[in-house]
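Report on the following structure.
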Amino acid sequence: MVQISRYQVILMLVWTILGTGIVTMPGTIAQFTVRDAWVAGFGLCIGGGLCALIAGVHVRWFPDQTLTQVAMHALGPVGGELFALWYVMYGVVTLATIGRELSTFVMISVLPNTPEFFISSVAFAVSAYLTYLGIEVVGRVNEFIVPLAVIVVPLLFGLSVRSFEWQPFRPVLSSGWLPIWQASVVPAFAYGLEFSVALQWIPALRTPRTLPIDIVIASTVSASVLVLLVTLTVGVLGEPVRYLTYPVLEVVRSIRQGKFVERLDTLYVMGVVITQALKLSAFQLATCEAIKDMCHSKEAKWTVIPCTLLIWSVANFMFHNLFDVTEFILRAVPAYFLFTVVICPVLIYMTAWWRIQRGKRALGHR
C-alpha cells in the first residue's frame with residue numbers, strides 16, 4: 001500500500017486549514033471584534049487539541065483502520081452503515097462549501113464575467129484528478145508548493161507591513177472576553193475540527209501512531225500563521241476590516257512599490273486557488289474512503305467521479321450566493337462539525353471498548 005510520511009501529513013493538514021483560512025477567517029473574526037481579533041486566532045488550537053485527543057484514542061486502539069471502518073465494527077452493520085452515510089453527507093457538504101468559497105472568490109477577485117458554475121467545475125475537476133491519482137500524489141503536490149510559499153509570503157508580508165499601525169489594537173481587551181470567545185467559535189469548532197479529516201487517511205500513513213503529535217504541530221503552525229495574518233490585516237486596514245469580505249486580498253491590493261510594482265494580488269489569488277484545490281482533494285480522499293467502506297469495496301477510485309458530480313451539484317444548488325455560504329459557516333458549521341467529528345467518534349470508541357470488554361468477559365467465563 002502507498003504510504004505518506006509525517007512531513008507530508010503535516011503539510012496536508014496545514015494547507016487544509018489555511019486553504020480557506022487565509023481567505024475567510026480574518027473577515028469572519030472581524031465580524032465580532034476588530035481590536036482583539038488577533039487573540040481569537042488562537043481558537044484554532046482548541047479544535048486542533050480536540051482532534052489530537054480523538055486521534056490519540058483512535059491510533060491506540062485502531063492503528064490501521066479509518067474512522068468509518070471502526071464504526072462498521074463497533075456499531076454493527078446497520079449502525080455502521082448509517083454513520084458511514086452520515087460521514088459521506090458531512091464530506092459532501094464540506095466539499096460543496098469549500099468549492100463554493102473558491103468559485104466565489106475567483107469570480108469576485110479576477111474573473112467577474114465568468115459563470116460561477118464553470119469555475120467550480122474546473123476546481124472540482126482538478127480535485128478529482130488529484131484524488132484519483134491517490135494520497136501520495138496529493139502529499140507530493142503539498143510538498144511542491146512549500147518553496148513557492150517560502151518565497152512569496154515573506155515578500156507580500158514585507159511590502160504590506162509598511163502600512164501597519166498599532167492604533168487599531170488599543171486599548172487591549174477593552175470590550176471584554178465575550179466578543180473574543182464569539183470570534184473564536186468558528187476558528188475553533190469549524191476550521192479547527194477539520195484536522196479530523198486525517199482519521200480517514202490512517203491506512204495510508206507510514207507512522208499512524210504519531211498522528212496526534214502531527215495534528216498538534218499542524219494546528220500550532222496554522223494558528224501562528226492565522227494570528228500573524230489577522231494582526232497584519234487589522235493593522236493595515238483598521239476598523240473597515242469589519243465590512244470587507246476578503247480583507248487579506250485588500251491588504252495585498254494596497255501594496256505599491258514605486259511606479260511599476262503593484263497589483264501583486266495575482267500572486268495571492270494563485271496561492272489561494274492552489275491551496276484550496278489541495279484542500280478539496282484532501283477532503284475528497286476522506287469522503288471517497290468513506291464511500292468505499294460503506295459499499296464494502298476494496299478500491300476507492302471508482303467513487304471519485306460520482307463523488308465529484310455530487311459535490312459539484314450540491315455546491316451550485318445548496319448555496320445561492322456568498323451570503324448563504326457565510327451564514328452557513330457562522331450559524332451551522334461549528335455545531336455540525338462538533339457533532340460529526342467529536343461526539344460521534346467518542347460514542348463509537350466507547351461502544352468499541354464496551355464490545356471488546358464484553359468479548360473478554362465472555363472468553364473468561366468459558
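Every residue, even glycine, has its Cβ placed from backbone N, Cα and C.
Residues or ranges marked as transmembrane segment by TrEMBL: 12-32 (among others).
Only residues 6 or more beyond the boundaries of the transmembrane segment (38-62), in the same chain, are considered here, and those with a CB under 8 A from a CB of the stretch are 17, 21, 25, 29, 32, 69-70, 169, 173, 180, 183-196, 198-199, 202, 208-209, 211-213, 215-216, 218-220, 222-223, 226-227, 229-231, 234, 341-342, 345-346, 349, 352-353. Here TrEMBL flags 38-62 (among others) as transmembrane segment.
Positions annotated as transmembrane segment by TrEMBL: 74-97 (among others). Long-range contacts of the transmembrane segment (74-97) within the same chain: residues 67-68, 127, 194, 280, 283-284, 286-287, 290-291, 293-294, 307, 310-311, 314-315, 318-319, 325, 328-329, 333, 336, 340-341, 344, 348-349, 351-352, 355, each at least 6 residues beyond the stretch ends and with a Cβ under 8 Å from a Cβ of the stretch.
The transmembrane segment annotation in TrEMBL covers 117-135 (among others).
Per TrEMBL, transmembrane segment is recorded for 144-161 (among others).
According to TrEMBL, the transmembrane segment annotation covers 181-203 (among others). Here the transmembrane segment (181-203) has long-range neighbours at 1, 4, 9, 12-13, 16-17, 20-21, 25, 28-33, 36-37, 39-48, 50-52, 54-55, 58-59, 62-68, 94, 135, 211, 214-215, 218-219, 226, 282-283, 285-287, 289-290, 329-330, 333-335, 337-338, 341-342, 345, meaning same-chain residues at least 6 beyond its ends whose C-beta is under 8 angstroms from one of its own.
With a cut-off of 8 Å between Cβ atoms, the residues of this chain six or more beyond the transmembrane segment (215-237) that come close are 9-10, 13-14, 17-18, 21-22, 25-26, 29-30, 34-35, 37-38, 40-42, 44-45, 47-49, 51-52, 55, 157, 160-161, 163-166, 168-169, 187, 192, 195, 198, 244, 247-248, 250-251, 254. For 215-237 (among others), the entry in TrEMBL reads transmembrane segment.
The feature transmembrane segment is assigned by TrEMBL to 267-291 (among others). Same-chain residues lying 6+ beyond the ends of the transmembrane segment (267-291) with a Cβ under 8 Å from its Cβ atoms: 12, 15-16, 18-20, 22-23, 66, 68, 84, 87-88, 91-92, 94-95, 98-99, 101-102, 105-106, 109-110, 123-124, 126-128, 130-131, 135, 138, 141-142, 145, 148-149, 152, 155-156, 197, 199-201, 248-249, 252, 300, 303-304, 306-308, 311.
Sequence annotations record features per position, and here TrEMBL assigns transmembrane segment to 303-323 (among others).
Long-range contacts of the transmembrane segment (335-356) within the same chain: residues 50-51, 54, 57-58, 61-62, 67, 70-71, 73-75, 83, 86-87, 90, 93, 189-190, 193-194, 196, 199, each at least 6 residues beyond the stretch ends and with a Cβ under 8 Å from a Cβ of the stretch. The annotation transmembrane segment is assigned in TrEMBL to 335-356 (among others).
Panel annotation: around the transmembrane segment (303-323), residues 92-93, 95-97, 99-100, 103-104, 108, 116-117, 120-121, 124-125, 127-128, 131-132, 245, 284, 287-288, 291-292, 295, 297 of the same chain, lying at least six beyond its termini, place a Cβ under 8 Å from a Cβ of the stretch.
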